[in-house]
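Notes follow the structure.
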Amino acid sequence: MEETALTKDQITEFKEAFCLFDKDGDGCITVEELATVIRSLDQNPTEQELHDIITEIDSDSNGTIEFAEFLNLMAKKLQESDAEEELKEAFKVFDKDQNGYISASELSHVMINLGEKLTDEEVEQMIKEADLDGDGQVNYDEFVKMMINID
């Protein structure tokens, strides 16, 4: 995973959040501390779900989450939200009439602007490959799935 540079303000903010989880101030979040915070948010995770959360974040496998591990998680989440925002912006470029769907004509228009001369058949084929529900156009969820599968 590539490192995401966090600002000093972000690190300070994440340290404050970490301290909310770390009730006894020992520098690590235990399953019990995690449970307390999650339950305070009106969620009721099972013991297994709590252990799964810890295991996912706990890179040194000691059963707790230290601040460095918490920071890695937060950096990863920020990266994911940036990628989501980029996909939304890309979708808007294609969805000229902003109706929530990319039609064959909208796709063709964008491809021409990008210097790609596609036949109607090629454009239809591109729509067909991305159009999972078969309605003849590409909605945002289908667009995201298509973009993820490109990588």
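If you go along the chain as it appears here, the first residue is 1 and each next one adds 1.
The backbone N, Cα and C atoms fix where each Cβ goes, and this holds for glycine too.
Feature annotations, reproduced from Swiss-Prot:
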DOMAIN    9-44  domain 'EF-hand 1'
BINDING   Asp22, Asp24, Asp26, Cys28, Glu33  Ca(2+) 1 binding site
DOMAIN    45-80  domain 'EF-hand 2'
DOMAIN    82-117  domain 'EF-hand 3'
BINDING   Asp95, Asp97, Asn99, Tyr101, Glu106  Ca(2+) 3 binding site
DOMAIN    118-151  domain 'EF-hand 4'
BINDING   Asp131, Asp133, Asp135, Gln137, Glu142  Ca(2+) 4 binding site
Composition by DSSP (helix, strand, coil) of residues within the domain 'EF-hand 3' (82-117): 23 helix, 2 strand, 11 coil
Cβ neighbour count (within 10 Å, all chains shown) around Asp133 (Ca(2+) 4 binding site): 10
Spatial separation of Tyr101 (Ca(2+) 3 binding site) from Glu142 (Ca(2+) 4 binding site) - C-alpha basis, Å: 10
Residues flanking the Ca(2+) 3 site, with Cβ no more than 8 Å from the Cβ centroid of Asp95, Asp97, Asn99, Tyr101, Glu106 and excluding those residues themselves: Phe94, Lys96, Gln98, Gly100, Ile102, Ser103, Gln137
Mean predicted confidence [pLDDT] for the domain 'EF-hand 4' (118-151): 89
Proximal residue to Asp133 (Ca(2+) 4 binding site) among binding-site residues Cys28, Glu33, Asp97, Tyr101, Glu106 (C-alpha distance): Tyr101
